[in-house]
Amino acid sequence: MVAVPDDGRDMVAADHVEDRISVDDKPTFDPVDVISEIEDAAKIYVPDETDEFIPARTNSYVPFLVLSTFWVVAGCGVSSMYYFKPYSNTLTSYAVQLLSWGWRTFRFFACSFSLNPGPWNAKEHALIVVAYRGSCYAAYGLGPLSALELYYDRKLSPGWGILFLLTTQMIGYGFAGIFRDILVRPPKIYYPGVLPNFAQVFSYVAITTFIWQWLPGFIFPLLSSIPLLCYFAHGQWKGYVLGSGYYGFGMLDISLDWNSSTFWQPLYTPLWANASQIGGALVACWLTYPILYFTNTLNAPSYPPMSSGTFDDTGAKYNITPILTPQYTLDQTAVNEYSMPRWSISYAMAIFWGFACSTSALVYAGLWYGKDSYVAIVEAWKSRRDDYNDPYLKLMSRTARVPHWWYLTLLAACFALSLGCVYGAEIGLPWWGFVIICVVSAICTFPNVGMAYLSEILAGGLFPGNPDAFGFYMKIPEKEMFWAQVYGTLLGLFVNYGVMRLIIDHIGAATLLGKNESNSWLAMKTRNYYSLSVLWGILGPKMSLSEGSDYSWVYWEFLLGPALVTLVYMVHRFRPNWELATRCNPVVIMYGATLFPVNQTTNLMISGALSVFFMGYMLRYRPVWFRKYNYLLGVGLDCGSQITQTIMMFAINLPYLSMPFWWGNDERGNLDRCFPPADLPPNALNLKSNV
């Protein structure tokens with residue numbers, strides 16, 4: 001669980017005992033059975049009792065404000081800084097969960113000072129984690145905001161920049177709150193990613209991981225990527241392209257860095273989901289992309305094999321400046337004289353999979369969950385949301401709920417601010433276009449997987465050339481949840497913007513774009529947003545995917561995705577015992593393929609193996625061990641790893657310290673010692689072109 005209260009429940013008056021939920025209403029669970037139902041994991045790790053008389057906050061807001069502010073600033077700062085690195089890390093809520101519990105009392109030698117005037121309880125502790133979860137990841141708007149400055153040399157003022165981040169974050173939160181009766185409260189809606197927060201952190205694992213992570217993270221970077229195939233190839237360029245996890249397809253690449261190994265969350269995500277998405281990634285990266293690359297499809301060897309960058313006809317980095325007018329619109333004559341933008345075959349295929357995932361997700365939601373969604377919407381509209389026969393809903397029904405008008409007010413305010421930002425910052429989006437985008441966002445709240453590509457092509461066609469689940473399980477009253485999430489999100493936006501300014505101003509665009517070689521800095525996510533802005537914004541789908549274009553075949557995936565889902569559904573209707581919805585889910589498979597080449601392929605092999613071992617073998621053949629230790633192990637690994645990254649950030653990265661070069665830390669920048677051979681095709685693996 002999150003924490004054990006300091007005898008807080010003993011203070012509850014005996015007169016209120018009869019008001020608690022009866023024993024018959026509590027879920028029963030046999031600890032020797034294998035977890036077979038989606039509710040089982042929650043029954044194990046989530047307390048099935050609550051006390052409405054234990055508040056989610058004390059009479060003083062000091063503990064919540066001090067600890068949540070500290071962790072939001074620290075964690076959001078770390079996430080924002082790693083946004084501009086070649087790999088992603090964040091101080092997870094698991095680490096915050098552990099440390100915030102221990103920091104409720106400050107000690108200095110023999111003296112101690114407590115922030116809490118009363119007992120420290122689990123709900124108050126969880127509320128700090130809730131505030132942190134609202135901002136622990138870099139804001140989604142950080143990508144387009146940084147791409148606008150790094151690639152288009154257009155810098156928004158601090159006011160417009162922060163307003164842009166605010167509106168993009170809070171509109172999504174408003175939609176999530178409105179649909180909470182459909183997406184959070186029904187017992188069939190299960191979020192495995194939040195369950196580990198309720199298991200006490202496995203301290204020994206965290207300490208061991210904390211020590212180990214200094215090796216791949218700083219002392220011995222080779223451990224982050226061991227490209228076995230590249231070593232076996234003895235300098236052959238095909239082995240280099242196939243084996244390198246940093247620059248190639250990552251075949252047989254092993255990573256001993258937990259930050260890479262946890263990419264698929266192998267200790268939390270059900271095996272059927274990971275099998276589908278990892279399978280999709282393997283088919284894409286280890287089969288489809290190599291075949292297309294070595295058969296010279298679309299002149300593939302002239303470009304990096306795994307890159308989301310934008311290139312010209314010669315394979316060099318695309319210079320966007322000559323094709324733009326002073327108003328940042330497309331100059332068609334300049335494009336004809338210079339070059340049409342080009343992309344690597346892997347990136348073109350990722351867009352292909354993305355379209356398929358978007359359309360198939362809509363069809364999948366309609367075929368499998370259309371009736372359930374309709375019933376949920378009707379029941380929510382009729383205020384029958386508390387009728388589910390679920391113990392957690394019965395417990396939560398004793399607390400006041402957040403009225404829907406709170407979320408509607410939040411949406412209305414963000415809508416008005418967004419329009420002001422669009423026109424004030426001269427973004428070039430008409431008001432009716434913003435309305436369409438909001439409607440699409442609301443629709444895509446239900447089939448959340450892979451919807452980005454559908455919204456991007458819609459926006460490009462129209463304008464060419466131009467956390468509730470955690471609090472539900474912890475039974476935190478909804479109003480406290482609302483304010484904690486809003487506070488954490490708002491505070492995090494200022495940290496996001498401040499860190500972005502610090503990095504761009506002090507590290508410099510040349511280093512972030514790869515012009516100056518650096519092992520520590522490379523804005524890969526910003527590069528992806530830039531390529532998408534060229535594809536959908538500058539050119540638009542009518543030009544970039546039109547008939548006669550090298551990429552016109554991408555449109556076929558609009559038919560292929562729904563066709564695959566329909567085929568699986570028809571087979572499922574006649575052979576339900578085959579369980580194709582879980583064993584062969586086309587949406588999840590294609591979603592896994594969309595994640596590369598935006599991410600490095602160092603995580604494919606080891607993360608998949610860990611998923612099979614823990615969520616397959618240990619769950620099936622060692623269920624008792626799985627129940628007792630699996631989630632504790634995962635929390636310990638995450639916690640130890642992220643604490644290491646946090647210390648490393650402030651003690652090493654900010655002071656610009658570096659590890660002395662040695663065999664395990666190559667001075668030429670080839671951290672995996674998979675050196676590019678001399679007989680590579682022109683521009684194929686030029687590291688600077690890889691940006």
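Glycine residues also receive a Cβ, built from the backbone N, Cα and C atoms like all the rest.
Note that TrEMBL annotation is computational and uncurated.
The transmembrane segment annotation in TrEMBL covers 61-84 (among others).
Sequence annotations record features per position, and here TrEMBL assigns transmembrane segment to 160-183 (among others).
Remote same-chain residues near the transmembrane segment (214-234) are listed as 240, 242-246, 248, 250-257, 259-260, 519, 600, 602, 644-645, 648, 652, 659, 664-666, 671-674 (criterion: CB distance under 8 Å, separation of at least six residues from the stretch ends). Taken from TrEMBL, the feature transmembrane segment applies to 214-234 (among others).
Annotated transmembrane segment per TrEMBL: 240-259 (among others), in sequence order.
The annotation transmembrane segment is assigned in TrEMBL to 271-292 (among others).
Outside the transmembrane segment (345-367) by six or more residues, the chain places 280, 284-285, 288-289, 292-293, 297-298, 300, 303, 305-309, 373, 446-454, 457, 531, 535, 551, 553-555, 557-558, 560-562, 564-566, 569, 585-587, 590-591, 593-598 with a CB less than 8 A from a CB of the stretch. The transmembrane segment annotation in TrEMBL covers 345-367 (among others).
The transmembrane segment annotation in TrEMBL covers 405-425 (among others).
Annotated transmembrane segment per TrEMBL: 431-454 (among others), in sequence order.
Residues or ranges marked as transmembrane segment by TrEMBL: 482-504 (among others).
The transmembrane segment annotation in TrEMBL covers 553-571 (among others). Residues 348, 351-353, 355-360, 362-364, 367-368, 545, 578, 580-581, 584-587, 590 of the same chain lie 6 or more positions beyond the ends of the transmembrane segment (553-571) yet place their CB under 8 Å from a CB of it.
Positions annotated as transmembrane segment by TrEMBL: 604-619 (among others).
The annotation transmembrane segment is assigned in TrEMBL to 631-652 (among others).
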For the transmembrane segment (604-619), what are the same-chain contacts with Cβ under 8 Å, counting residues 6+ beyond its ends?
34-35, 245, 250, 252-256, 260-264, 266-267, 269-271, 274-275, 278, 281-282, 285-286, 625-626, 630
